[in-house]
Each structure stands twice: as structure tokens, then as C-alpha cells.
Amino acid sequence: MNRYLIDRICRWLIYAVVATVVALILLFVGFLIAKGWSTVNWQFLTTASDDGLGIRDQLFNSLYLLILTLILSCPIALGSAIALTIYGEKSRFASVAKMAIQALSSLPSIIIGLFGFLLLVLKFKIGFSVLSGAIALTFFNLPILTQSMSLAIATVPSSRLDAGISLGVSQWHTIIKVVLPEAIPGMISGIVLSAGRVFGEAAALIYTAGQSAPKLNYGNWNIFDSNSFLNPLRPAETLAVHIWKLNTESIGPDAEVISQGTIVVLILTIVAFNFLARQLAHHWQHKIYR
Amino acid sequence: MEPNPLFTRSKEIRQDNWGRWLCYISVSILLLLVVTIIYFISSKGIQTFTKNHVSVWSFLTTADWNTGTLSGGKTDLGALALMTTSFVTTMLAAALATPLAFVIGIYVVALQPKFGQKFVQPIIELLLGIPSVVYGFIGLTVLVPIIRQHFGGTGFGILAGALILALMILPTITSLAIESMRSVDPSYQKFAYTLGCTRWQVIYHVILRISAKKLVVAVIYGVARAFGEALAVQMVIGNTVQMATSLVSPTATLTSKLTTDIGNTIDGTLPNNALWTLALILLLISLAFNLIVKGFTKGDRAA
Amino acid sequence: MAPVATYLQTPTEPIAIQTEDLTVTYDQQALWPTNLQFPQHAITALIGPSGSGKSTFLRCLNRMNDGLAKVEGKIMLGEVDVNRPEINVYRLRQQIGMLFQQPNPFARSIRFNLSFGVMEHQHISRAALQEKMQTALEMVDLWSEIEGDLSRNALQLSGGQQQRLCLARTLMLTPDVLLLDEPASALDPIATAKIEANLLKLKQNYTIIIVTHNLEQAARISDYTAFFYEGKLREFDRTKQMFIKPHLQLTNDYLSGNFG
């Protein structure tokens with residue numbers, strides 16, 4: 001057979017496969033959105049699941065956990081990223097740490113969840129709670145966030161650091177006033193992308209944040225009250241856990257409808273996060289290179 | 001006389017000490033975390049053998065898992081069926097996803113880079129953002145009924161699990177494959193074209209040949225992700241611990257067993273300890289994948 | 001080891017900075033004991049082939065090799081040995097400014113570039129800062145080129161302008177000594193000429209030490225020249241003297257382009 005013929009056949013085969021896969025994926029995502037689209041409305045978002053067709057508390061729990069997780073993980077990830085990319089770039093300590101971070105990022109999220117269960121729920125007796133969940137999600141988020149922040153910092157030329165140091169400025173102030181501001185676009189998109197991952201995570205949460213969503217009182221600002229929406233020690237089922245729970249244990253009449261609606265909310269939120277990541281990065285880029 | 005400022009301390013010294021301290025504390029937290037995870041899960045996991053005196057050999061080589069009251073007090077602890085299902089499902093998923101991922105990679109890198117990068121790649125990567133429970137839900141409500149209809153059985157089983165996992169790891173392998181094919185020096189391709197090679201010859205003899213090692217790493221990453229996935233698999237695998245007799249008979253994986261049972265057993269009892277042993281096995285296998293990747297990439301750097 | 005031929009002239013001017021048996025060791029020794037005296041308010045050029053140790057030597061003078069290499073020996077800045085561990089290197093680097101091979105302005109406004117170092121070290125009024133910035137920019141002939149617009153991003157400037165901005169940034173701290181590590185090697189001839197004009201003007205008030213690969217440049221602007229070869233200082237003399245009649249055959253070969 002002629003090699004030009006082979007070339008043409010292979011190329012058309014590739015085109016056909018790619019077209020099929022892309023079509024299937026679009027169909028898949030379109031199907032997900034179409035199925036749940038009619039379920040999602042203001043009422044669905046604001047009704048407690050005990051009161052009918054709604055996911056109010058799960059939605060809030062997801063956001064609350066996300067915010068706490070980011071508050072816990074960002075400083076640690078940032079500090080580690082600086083240590084790995086700038087302070088100990090070539091030290092033995094840094095190479096050990098890099099290996100550890102790689103190992104951590106390769107652990108399945110169920111392992112992180114079980115470890116969180118063991119450490120936080122059983123050992124520290126925090127119980128199935130927002131706090132346990134947020135800490136477990138922090139464990140889950142740290143390696144990825146550290147890696148993306150390291151990458152963002154590494155894009156800043158090291159000559160900036162030399163320049164600052166040669167002016168007699170401390171390395172630390174050069175880092176926080178020159179290097180980090182320049183790395184912000186990359187860091188922000190890293191944070192927001194990781195937020196998407198955290199928002200959809202369930203395996204790390206079922207044995208830490210728990211699988212129940214007590215009805216919350218959004219007017220109760222006393223964080224020690226068990227029905228206060230801010231109470232960090234109450235169990236907090238998230239959207240993703242809700243979908244899992246509905247489909248594994250109590251297959252009620254509305255389970256499928258609620259799941260479909262919840263999926264739309266989940267996917268749209270994550271897509272919005274990704275969009276936001278790109279926009280923010282763009283915005284900052286403009287601000288700095290004005 | 002005023003002391004020479006070169007001999008006095010200044011705030012910069014304090015700033016640098018403080019910054020270094022902060023950063024090293026952060027890294028230490030990460031290191032501590034890794035060590036603690038391994039220590040905790042190991043110390044729990046080996047109790048089956050040290051405290052309950054189950055033989056390691058029988059744990060790894062028998063396939064029956066009976067605990068609690070259903071079996072009438074009889075306790076069998078064999079993880080072989082779980083491990084086998086985990087491996088078979090994962091390998092099947094990788095076998096399904098890898099060719100597709102490579103084909104898409106070739107398309108995006110070598111055939112239609114502009115359109116590929118603008119449209120095809122983002123569409124594939126859309127799958128990365130979808131949470132695993134969503135895959136599980138689709139598997140449960142769409143895939144399992146279809147399998148039941150066309151292949152018989154309950155629809156739950158390795159086939160459903162592998163198909164869902166294949167979909168989940170497709171974007172992982174594709175992204176990495178694209179990255180590794182892109183890293184092939186374009187001058188090699190230009191050179192091959194000047195020799196009169198067809199496009200397919202360049203793809204096959206230059207791009208794939210040169211990026212082969214990195215492509216293997218891409219597949220291993222996909223396999224590792226599939227192996228550790230818990231919820232999506234648990235929703236479609238059937239959750240019955242037995243050696244699967246066919247691709248459509250209900251069975252269970254390491255992760256699915258952990259997901260369903262860890263909350264239903266009492267801390268410190270043998271059934272609970274045995275589950276932690278499964279977690280330990282899962283942990284060790286994940287770390288092993290990590291080491292394999294490390295081995296591959298190390299050779300790369302030396303070359 | 002056989003002693004190598006060296007020729008070191010002693011300058012007649014007052015000395016701003018001098019080294020005594022300065023050595024540098026990375027994994028291997030990069031600089032053998034070096035004794036050099038830099039005359040005050042003059043330009044000294046360090047020349048030699050790549051890897052001859054001249055840049056390594058330069059970076060020791062403001063302690064930029066700290067943590068990267070083992071630097072032994074004395075660096076006398078006036079009466080003080082600044083190579084001792086108890087020296088406050090941050091203050092030292094304010095007294096000994098540095099300019100690098102590639103222009104490296106911060107990716108911010110010109111104002112930020114100029115004010116960053118000053119604001120870190122001193123309390124200074126807005127008006128005084130503004131005046132200082134203008135003076136510094138005028139010294140490098142940049143003030144008129146940017147039309148006094150300090151809010152422009154430094155990365156929008158041309159390469160030569162960026163390098164002069166970096167020079168102005170260093171001058172903001174009013175150092176005594178300026179170290180320049182091949183400052184014009186990334187620039188075109190016109191931009192290079194501008195930098196050289198700046199340096200000739202600046203030497204009235206500053207002691208300037210410049211590493212350069214460009215022998216014509218050394219001949220044009222420097223008063224003294226030091227020739228390094230394979231990690232050793234081989235010849236140090238008045239530039240005029242060295243370029244007309246070097247004492248060593250090796251120097252002669254290098255200057256006439258027989259190797260390099």
C-alpha cells in the first residue's frame with residue numbers, strides 16, 4: 001500500500017474518532033444540563049431539603065466549607081511554594097519536600113477522607129462537622145495548590161530577586177513586594193481552579209463533614225448554637241455528598257430529580273469558577289502591565 | 001562616636017529571619033501531614049495482623065470476605081477479590097481511554113493545532129471539572145440500565161465501572177499526552193518533512209517515538225487516578241465481595257468496600273481493622289504508582 | 001604549583017575599596033587569592049575570557065555570593081573588612097550598588113522602581129522623594145526621554161532605557177561604589193554609548209568597577225584595567241599603559257584577540 005494512502009486513511013480515522021468523542025462529550029454534558037435544568041429555580045435553591053424539593057443548606061455548606069478550606073490552605077500553600085521555589089531551591093530539604101508533596105497529591109481522596117476521619121473525628125473527637133470537613137479538604141487541596149503556586153512564582157524571573165537584594169532590601173520584602181505581586185495572576189487562577197475541585201469533592205467529606213444537613217437558621221449568628229449557619233461543629237452535607245447519599249442509601253421518589261438539579265448547580269458553579277479564574281488572571285495582568 | 005552602621009543590626013535581618021521561618025513552618029506542616037497519614041493508616045492497618053493475628057498470606061490470597069452477623073459469626077478476611085476487581089476495572093478503563101486520548105492528542109498537536117487548542121482541548125478538559133459523584137450518578141441512572149438491557153445481569157459490575165472510569169481518566173491522559181507531544185522539538189518534525197515524510201509518518205516515527213516515555217507516564221497517571229477513585233465506582237460496581245465471574249456480575253473494589261463499610265463497623269473491632277488494612281493496601285499501591293512515575297521521569301532527566 | 005607570572009601596578013590615587021587574598025570556592029575553586037586596589041572616583045575595568053573569575057570576583061564585593069559560594073579573604077571598604085560575618089550586608093549593599101548583565105527592572109511603574117529601595121530604608125517626604133527621583137533620572141539622561149511621566153510601566157521602556165533606569169534605581173540610594181556586570185552586553189551600540197556617557201559623568205562622584213567583554217569599551221571609559229585568566233588576577237595597570245604596552249605576553253595575546 002502506498003504511504004500517501006496510509007497517511008490519508010490514518011488522518012481521516014483520527015478526524016472521525018475525535019469528532020465522535022467530542023460529540024459524545026458535548027452530548028453527555030448537554031444531557032446533564034438539560035435533565036436538571038427545569039428543576040433549578042429560585043425555590044430549589046432556597047428550600048431546605050427537609051421541607052421539599054430543595055438544596056438550600058447543602059449549597060450553603062458547600063460554599064462555607066470552600067471558604068474555610070481556602071482560608072486554611074492558601075497561607076500554608078503560599079509559604080510552602082515560596083520555600084520550595086525561592087529559599088530552598090536546590091537544598092536537600094526542598095527536594096524531600098517536593099517528593100512528599102508529589103506523594104500527597106497522588107493519594108486517593110478517599111484515603112484523605114479516611115485519614116481525616118481517623119484523626120479529626122475519632123482521635124480529636126471533633127465529630128462529623130464543618131471543621132473536620134474543612135481540615136480534610138485542606139489536606140486534599142494543599143498539594144495541588146502548592147504546586148500551582150510554585151509554578152506561578154517560578155514564572156517570575158529570578159533577576160527581580162537579585163535586583164531587590166542588590167538594593168539592600170531583605171529577600172523577604174523583595175518576595176512579598178515584588179515577586180508575589182507579579183505572580184498574582186497565576187496564583188489566583190490556581191486558587192480558583194482548586195476551588196472548583198474542592199467544591200465538587202465528596203469522598204474526602206463523607207466521613208469528615210458527615211452525611212446529614214440539619215436545617216439551618218440563617219438569622220442565628222451565635223456560632224455556638226447547633227442550628228446556627230455559622231456553627232463549625234455541626235455536620236455539613238455538601239452538594240456532592242448529597243448526590244451520592246441520595247443515590248446510594250435512600251432512593252426516594254424525588255432522588256433522581258433532586259440529583260439532576262443538584263448536578264446542574266454543581267457543574268454551573270464549577271464552570272463559573274473556571275471562567276472567573278480566567279477573567280481574574282486577565283484583569284490582574286492588565287493592572288500590573290498597565 | 002556613632003557606631004558604624006555596617007556593624008549594627010537592622011530590620012532587614014529580622015524580616016528575612018521571619019520570612020524564612022514562616023515558609024519553613026508551612027513546608028513542615030506539609031511534611032508532617034504526609035508522615036502522619038502514612039503512620040496513622042499503617043498503624044491502624046497492621047492491627048489485623050498484629051492484634052487479631054490474621055495471617056498476611058491468607059489476607060492477600062483468599063477471596064472471601066465475611067464479617068458480622070450475616071455469616072453467622074464466621075469471619076473470613078480475604079482481599080484477593082477486592083484487589084482483583086480493582087486492578088481489572090482500572091486496567092480495562094485505561095485500555096479504553098488510552099487510544100482515544102492518544103488520538104485526540106495527535107489531532108490537537110499535529111493535525112489541527114489551532115482548532116484543537118481552541119475548541120477540542122477545552123471540551124475534553126471540561127470533563128476534568130465534573131465531580132466524580134456526577135459520573136457515578138450517570139453510571140447508575142443511564143449506563144447500568146443500558147448494560148442490563150444489552151448484556152444481561154444486574155448491569156452493575158466491572159463493565160459499568162470501567163466505562164465510567166474511562167470517561168473520568170480520558171481528560172487526565174489526554175492533557176498529559178498533549179503536553180508531552182507538544183514538548184517534541186519542532187525542528188525534528190520540520191527535518192522529517194524536508195525528507196519527504198507524510199504527515200502520518202512524522203506523527204508515527206517522530207512525535208510518538210520521541211514522546212513515548214512521557215506518554216507512558218501519562219497513562220500511569222490515569223491508571224493511578226482510576227485506581228483511587230471511590231464514589232463513582234462504588235455507585236456502579238454492585239458492592240458484593242466476590243470474584244467477578246463476568247464483566248456484568250456485581251463485585252466490589254478496595255475503594256468501594258471502604259466507602260460503604262467504614263461507617264458501619266465499630267472502631268477497634270476486627271471487621272473495622274480489616275477495612276483499615278484495605279486502606280493501607282490502597283495507600284501503598286498509590287505510593288507505588290508514584291514511585292513508578294518517579295522512576296520513569298528520572299530516566300528522562302538523565303537523558 | 002608553579003607560580004604564574006603576574007604584574008600588579010599600585011595606583012597612586014586614594015583607594016576606595018581593596019581586596020586582600022580574596023578566594024572563592026563553589027564546588028571547585030573559582031578564584032585564587034586576589035589582591036586588588038580600586039582607586040576612588042575612577043573607573044576600573046575587569047576583563048578576561050569567559051570563566052576567568054571576573055564576574056565571580058565582582059559579585060563578592062557586595063556579598064551577592066553569600067550562600068552560593070565560600071568567599072574567604074578580606075574586602076576592605078575604607079577601614080572596614082566587609083567580608084566578615086557580622087557585617088550587615090543589607091546596609092553594605094546600599095553603599096555598594098550593582099547593575100546586572102540583563103536589564104532587570106521590576107514589572108511596575110518607573111516610580112515604584114525608583115522608590116522601592118529608598119522607601120524600604122528611609123523615611124522620606126513625598127516632595128523629597130520626587131526630587132530625588134528626578135535627580136536620579138536626570139543623571140542617567142532619562143528624565144527628558146520619559147517626559148517626567150513616572151507612572152509608565154518600566155517594561156515598556158527600550159532595553160537601553162531599562163538599563164539606565166536600573167542605574168538610576170541604584171543611584172537613588174547614593175552608594176559610594178557601583179558594580180557593573182557587563183551592563184551593556186545586551187544593548188545595541190547607541191544604547192551602549194549612552195550608558196558609557198552616563199558612567200563617565202558619574203565617576204566624578206562614584207567609584208565604578210565594570211566587568212566587560214568589550215575591550216574597546218574598557219579602553220574607552222576605564223582608568224584602570226585588571227586582567228583575569230583562569231581564576232587568577234594576572235595584570236593590573238593603568239588602562240592606557242596596558243592597552244599600549246602590556247607587561248605579560250598573555251595579556252598581549254588576549255588584547256590582540258589571539259584567544260578569548
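Keep in mind that glycine also has a Cβ here, set from the backbone N, Cα and C atoms.
Lifted from TrEMBL, the feature list:
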- A:59-276: domain 'ABC transmembrane type-1' (DOMAIN)
- A:12-34: transmembrane segment (TRANSMEM)
- A:63-87: transmembrane segment (TRANSMEM)
- A:99-120: transmembrane segment (TRANSMEM)
- A:126-145: transmembrane segment (TRANSMEM)
- A:187-209: transmembrane segment (TRANSMEM)
- A:257-277: transmembrane segment (TRANSMEM)
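Across A:12-34, A:63-87, A:126-145, stretch A:12-34 shows the highest tally of CB pairs under 8 A with the transmembrane segment (A:257-277). When each of A:12-34, A:63-87, A:99-120, A:187-209 is scored by its Cβ pairs under 8 Å to the transmembrane segment (A:126-145), the top-ranked stretch turns out to be A:187-209. If one looks beyond the transmembrane segment (A:99-120) by at least 6 residues along the same chain, the residues whose Cβ comes under 8 Å of a Cβ in the stretch are 80, 84, 126, 131-133, 135-136, 139-140, 142-144, 146-147, 201, 203-208.
Here the transmembrane segment (A:12-34) has long-range neighbours at 260, 263-264, 267-268, meaning same-chain residues at least 6 beyond its ends whose C-beta is under 8 angstroms from one of its own.
Listed by sequence, the residues of this chain that lie at least six past the ends of the transmembrane segment (A:63-87) yet keep a Cβ under 8 A from its Cβ atoms are 94, 97-98, 101, 130-131, 133-135, 137-138, 141-142, 145-146, 149-150, 152-154, 161, 171, 175, 179, 187, 191, 194-195, 198-199, 205, 209, 229-230, 232, 236, 238.
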